[in-house]
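TrEMBL annotations:
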type	residues	note
TRANSMEM	A:56-76	transmembrane segment
TRANSMEM	A:88-105	transmembrane segment
TRANSMEM	A:111-132	transmembrane segment
TRANSMEM	A:141-160	transmembrane segment
TRANSMEM	A:195-213	transmembrane segment
TRANSMEM	A:243-263	transmembrane segment
TRANSMEM	A:269-287	transmembrane segment
TRANSMEM	A:294-312	transmembrane segment
TRANSMEM	A:324-340	transmembrane segment
Amino acid sequence: MKKFDKDRLLLAAAGPTLALISAFVLTMIVLAASGVDPIDPLRIMIDQAGYEDVQVLIVNQAGIYFLAALAVAIGFRMNLFNIGVDGQYRLAAMISAVVGAKVALTGPLHILLIVLVAMATGAFWAGIAGILKARRGVSEVVSTIMLNAIATSVIAWLLLPKNLGVQPAGSNDLTTGDIPESGWFPALSLPGGDIYGFTFVAFALGVVYWFVLNRTRFGFDLRASGASESAAQASGVEPKKMIMTAMLISGAVAGLTGMPLLLGESHTYNLSFPLGIGFTGITVALLGRNNPVGIFFSAFLLAFIDKSSAGLDQNGYAKEIGTIMQGLIVIAVVVSYELVRRYGIRRQQQKVGEELAAGHALKTDNKEVAA
Amino acid sequence: MRRITRIATVGIASAALALSATACGGKKSSDSTASSSESAGSSKSAAIAYDIGGRGDQSFNDAAFAGLEKAEKDLKVKGAEAEPTEGESEADKVQRLTELARKGNNPVIGVGFAYAPAIKKVAEKFPKTTFGLIDDTSVTAPNIANLVFNEEQGSYLAGVAAAKASKTGTVGFIGGVEVPLIKKFEAGFTQGVKDTNPNAKVLSAYLTQPPDFSGFAKPDLGKATAKGQLDSGADVIYSAAGLAGSGAIEATANAGKWAIGVDSDQYNQAGLSKYKDKILTSVTKDVPDAVYNLIKSVEDGKPQTGEIRYGLDKNGVGLADSNPAYKSMAEITAAVEKAKADIIAKKITVKTAP
């Protein structure tokens, strides 16, 4: 039994190690091939992460990626590919910013209201894809991608001054008006800047995610539906209800993605509110293998690459090196996880073969490695 | 359950590696922050923080760079540049401006209205540094110079020229992204067309909706939209769409119709030389001089502050006349000159929103 654990651990470590090493080697090859010093940009990036203000940026960004990735991961665990996180969080941030700017409540209530509105909006938008999937069998991949585009147009329309938007005097920006100070989430002030308070809420949510998925009946049903829908159905899980619930929860968490920024930084939804976080969230969830701890660290890795590559500009390198690195990591992760999996299976088959040849009884434990 | 544990181990292992990647940077924080103290205004260097698209967009950002380049040559200042990342937040903009100011650049210029909230925050931290903010007057401070343009006035002249040059009575407007700034172009253009020929039809289209700013960057979108307007009978098309505008110019020129360029004199742009004969004129926006003037004012010790407006009167906006074909059309140039004089004399007020 102990022997197998060691094997398993080695195999498990091999995947990400292989992925990260090959990603970095590939990055260096790309840099060298384009006639750039392959080591210096990486050194600058690591240097950059030494600055306190860059560290604060990394932590804040990691919190945002963490939320987006959690939203994606909930879907992944039951084989639902929610590509619509991007549209869900933007619409949620916009609507909740409007509500937040219109009402005045005492501190915690105000924040709670904004957060609840964001979750409800995100869930609503994801729920559309959920209904289409459950009732009509529309692939959620297609519907969520389309809903992203629709969300963009809906936001652009709602943000017009004749609807919900505000154009501040002398500005070419469109905003939803400023949320009064009672709706600002307290931040942790450090010498390098403020860490959004909501970042801690984000990480706490990771614990909730782990608990719900691994320690509740609902979590079991969800994972069972993901592993085999027919088997789950046979054991009494109602697939349509599961699809709806998973989509709604995924959307609600997606709705939170914009909260660190809205409650901690901009206090309004404007034209330069970031987009694309939902897609980075997919990368983070894949890299972290849908596991909260894995997602936590991969969110930090991607935030690190993001923020520390920004400084490359000033040192004579293209900051797109960071983008290349992120892309290579994704490819390397997919390839190396698959390689390691196949190697594991082959190794196990060999072992079984050897044991059978030697005439020993087959241990049932052997199956574990393949699982 | 076993599967989960295995995945968990994988996750933890990858996480550990990720941590080591970030952690080795963390150790150096104490010594590297020492070099980051404020040294504003000490050296002769100026900095530009670009809008989405960055340098090489053949348009807005390149125009700002042209101003910096001129200052580098004439005033011997050292230029620094920084580009945004797609999908970044306000915090990243604050960080970029802070870093530029911290390195002693003065002035630090934010290209585009998106920098307004960030400049407000950073300008407080560096009172000795002058900050330039292009296209926005919503934030003000003694050390902020708001560089703004009357785009609608230049666009009005383009409308006059378009209405005069059109034979079908239908003209097209293509905006890159539907934001208030580009609507100023549309408003001026439409008014110019209608004032010249009340029966003319203006087809308006925007390539993308915010926050999708790719409408400033994708020539194929501009090309397709221009084709659609040509099919609907437009024979003069004005595109205010940054790099995407080159696609519209290509489609219009290939159809043998007139195109009107934007921001810089696109007749003289190397990348568009194939189509230049069909570029009737361009609505110019003198971002290079606005940037240069600000840098010069700082060098002279009298930094600009508050709203610096560039209109038709100061040639801050205008209509290019480098195409000989355009210059030879006496009726058009006369009408444009008259409209220009009327706007400067305030006999015509151009709307800023459609």
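Here the Cβ of each residue, glycine as well, is placed from N, Cα and C on the backbone.
With a cut-off of 8 Å between Cβ atoms, the residues of this chain six or more beyond the transmembrane segment (A:195-213) that come close are 56, 59-60, 62-64, 66-67, 70, 73-74, 77, 185-188, 219, 222-223, 253, 256, 259-261, 263-265, 292-293, 295-296. Within the same chain, the transmembrane segment (A:111-132) packs against the transmembrane segment (A:243-263): three or more Cβ pairs sit under 8 Å, each pair at least 6 residues apart.
Taking every listed stretch (A:56-76, A:88-105, A:141-160, A:243-263, A:324-340) in turn, the largest tally of C-beta pairs under 8 A with the transmembrane segment (A:294-312) is reached by A:56-76. Of the recorded ranges A:88-105, A:141-160, A:243-263, A:324-340, the transmembrane segment (A:56-76) has the largest number of C-beta contacts under 8 angstroms with A:243-263. Cβ atoms under 8 Å from those of the transmembrane segment (A:141-160) belong to residues 81-84, 86-88, 90-91, 94-95, 98, 125-126, 128-129, 132-133, 174, 176, 269, 271, 275, 278 of the same chain, restricted to positions at least 6 beyond its ends.
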